[in-house]
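Below you'll find the structure, written out as structure tokens, and then a few comments.
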Amino acid sequence: MAAEVPTFKLVLVGDGGTGKTTFVKRHLTGEFEKKYIATIGVEVHPLAFYTNFGEIKFDVWDTAGQEKFGGLRDGYYINAQCGIIMFDVTSRITYKNVPNWHRDLVRVCENIPIVLCGNKVDVKERKVKAKTITFHRKKNLQYYDISAKSNYNFEKPFLWLARKLAGNPQLDFVASPALAPPEVQVDEQLMQQYQQEMERATALPLPDEDDADL
């Protein structure tokens with residue numbers, strides 16, 4: 001009998017239009033096997049990753065756009081074991097709303113590992129710069145710049161969460177999942193520049209005022 005694959009419920013939250021559905025749909029098997037839960041209006045995408053300790057699966061709960069009509073129901077968050085909060089680096093308001101998403105999530109699921117992702121870094125008109133992104137440091141979250149449409153850093157949030165959930169920093173992905181072909185290309189030099197800016201910003205002390213520079 002095949003061993004049971006460790007499976008974790010992952011809630012994906014953030015303002016409408018930040019690219020959450022685009023992001024989760026990059027993983028082709030998850031997109032093929034997704035299930036719709038009509039009672040709470042959610043699509044669940046089972047995303048499998050292969051690690052040096054065997055297969056791991058994230059059941060990614062995607063809101064199917066409900067967040068545009070106000071907050072999400074508790075049923076969405078209940079029993080979540082990890083989370084991704086997404087904002088759009090070309091839209092300041094989506095970053096400004098991150099604390100609300102975080103508050104709703106931790107109110108229901110207290111001590112779960114959470115990754116904050118700034119999506120759309122492929123777009124040249126970046127509005128939310130590295131020095132502004134401090135929320136993850138205040139709340140002990142992990143942060144990654146991502147670009148769903150180019151697959152840039154797609155695996156990073158999942159690898160960080162998998163290590164946290166397994167309690168093993170040595171865990172690694174040994175094979176890449178089948179991803180949809182990139183719709184856009186990222187500028188590698190610009191990505192390196194963003195990464196350096198993020199490293200420099202992380203070395204600075206946190207501002208006293210809450211998000212005074214927003």
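Keep in mind that glycine also has a Cβ here, set from the backbone N, Cα and C atoms.
Of all ranges given (34-42, 43-51, 115-123, 151-159), Swiss-Prot attaches the label region 'Switch-I' to 34-42. Range with Swiss-Prot annotation region 'Switch-II', chosen from 14-30, 65-81, 184-200, is 65-81. Listed in sequence order, Gly19, Thr22, Phe23, Arg26, Asn119, Lys120, Phe154 are the same-chain residues at least 6 apart in sequence whose CB falls under 8 Å from the CB of Ala148 (GTP binding site). In terms of DSSP secondary structure, the region 'Switch-I' (34-42) contains 0 helix, 4 strand, 5 coil. Cβ neighbour count for Thr21 (GTP binding site): 17 (other Cβ atoms within 10 Å of its Cβ, all protein chains included). Reduced to three states, the DSSP call for Gly17 (GTP binding site) is coil.
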